Ligand code: XLS
Ligand code: NI
Ligand code: NI
C-alpha cells in the first residue's frame with residue numbers, strides 16, 4: 001500500500017485508505033476481490049491491470065446533462081485564481097487516487113487546468129500545473145498512464161480538429177497536442193492517447209472524406225515525430241469509437257483503426273486503446289474488439305466502463321458485470337496482457353450520485369469486478385477444457401490435407417477432388433451452450 005497524500009485541506013473526509021478485506025467482508029468501503037499482491041497467471045493483480053483514475057470524470061465532470069447543469073458541486077472548484085484552483089483540484093485528485101490505492105492516473109490537458117483562447121497563456125498554465133503534478137507524483141509514487149489533448153470541447157473544433165476543413169483550426173489542434181506531449185514527457189507518462197473526438201463528419205454533402213483522413217494521418221505522423229525527437233519512448237494509442245459526437249467517426253472500431261494504421265504507415269508506433277462502451281456502440285462485444293486488436297498485436301490499453309443495452313449513447317457507467325468481463329479477461333490472458341497500457345476507469349458516477357463516498361464505491365466495484373473476472377478467467381484456462389474444445393474444432397487442419405491447405409499447398413482443383421473423394425461431411429456441434437456453462441462454472 002502506498003501513502004495517502006492530502007493537500008492543506010482534506011477533501012474526502014472520513015474515508016481512509018481502502019483495504020482488501022476479502023469475500024467475508026461486508027464493509028462497503030473495502031475490496032472483496034482486489035488484493036493487489038495476489039499473483040494470478042504469474043503476475044500480481046496490480047501489475048496485470050495498472051488501474052488508472054480518469055481525471056475528467058472524477059474531478060471535472062459535474063453531473064451536467066443536456067437537461068440540466070451541475071449536480072456535483074466540488075469544494076476544489078472555489079478559488080478564483082486559475083492556477084490556485086487547479087492546484088486544489090490536483091490535491092483532491094491525489095488524495096482520492098492514493099486513498100483508492102490506484103497506481104496510475106490519466107488526463108486531458110484541459111482537465112488539469114482551465115484553458116482560454118491564448119495559445120501562449122495556455123502553454124504557461126499547463127506547464128505551471130505540470131510542475132505541481134511532478135511534486136505530487138514524487139510524493140505519492142502515483143504514475144501517469146497516459147495523457148491526451150481535448151480537441152473536441154472548444155467551439156473552434158466543431159468541424160473537427162485535424163480533420164477540420166480549415167487549416168487554421170488544425171494548427172490550433174497541433175499547438176494543443178504539442179503542449180500535451182511536452183507535459184507527458186515531463187511527467188514520464190507511459191503512453192499518449194488520441195481519441196478522435198470530432199474527427200468524423202455529420203453530412204457527406206459538405207465533406208471530402210479522403211482529404212480529411214489524409215490530414216488526420218499527417219497530423220498523427222507530425223505528433224509522433226515531435227514526441228520521438230523529444231525523448232518520448234512510450235506508446236501512442238488510438239481510441240476507436242463509432243459515433244458521438246459526430247455521426248460518422250473515422251476511428252469506428254478496432255478493425256477500422258487497424259486498416260487506417262496500415263494504410264498510413266503508423267503501425268510501428270501506434271496501438272489501440274479500447275473502451276467497453278464504444279464497442280457496444282459499434283455493435284460489437286468488448287471481447288470481439290479485444291480479439292481483433294490482440295490478433296494484430298495492437299492490444300494496448302483499456303478504458304473500463306459499461307454502456308446501457310437499452311439506449312444508444314456513451315453512458316460511461318462503472319463496470320459491474322463479472323460474467324461479461326470474464327469473457328474479456330480470457331482474451332486478455334491469452335493475449336499475454338496489454339502492450340504498455342493499463343485499465344483506466346473512463347467512467348462516471350450518475351448525476352444523482354452526490355455523496356463523496358459514491359466515487360469510492362464506483363471504483364471499488366470496478367476494481368473488484370476486474371479482479372473477480374481475471375481470477376475466474378485464469379481458472380477457466382487452467383482447469384477447464386475451454387481451450388481444448390476450441391482447439392478440437394479445428395483439428396481437421398492439424399494434419400493431412402487440412403494442414404497442407406493451411407500451408408498454402410492446395411489448389412482449388414485439389415479441394416474439389418478432396419470433396420468428391422470424401423463425400424458429405426459429418427455434422428459437428430459448435431457446443432456453444434456447453435461452453436457458456438463452462439464460463440459460469442468458474443465465475
Ligand atoms: C470519449 C472518450 C474519451 C477518451 C479520451 O468517449 O472515451 O473520454 O477516452 O479523450
Ligand atoms: Ni475513453
Ligand atoms: Ni467514451
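For all residues, glycine too, the Cβ spot is worked out from N, Cα and C.
Nobody curates TrEMBL annotations by hand; they come from automatic prediction.
For the Mg(2+) 1 site, TrEMBL gives 239, 275, 303; the one candidate out of 253, 346, 355 that the record lists there too is 346. Sequence-distant neighbours of residue 314 (Mg(2+) 2 binding site) (same chain, 6+ residues apart, CB-CB distance under 8 A): 241, 244, 277, 278, 281, 307.
Not one of the recorded positions listed as 108, 111, 239 brings a Cβ under 6 Å of any atom of ligand 3. When the CA atoms are compared, the recorded positions lying within 10 A of residue 346 (Mg(2+) 1 binding site) are 316, out of the candidates 108, 111, 316. Checked against ligand 2, the recorded positions 108, 111, 275, 314, 316, 346 give 275, 346 as the ones with a Cβ under 6 Å from it, listed in sequence order. Around the Cβ of residue 278 (Mg(2+) 2 binding site), 29 further Cβ atoms fall within 10 Å across all displayed protein chains.
DSSP assigns residue 239 (Mg(2+) 1 binding site) to a strand in the three-state reduction.
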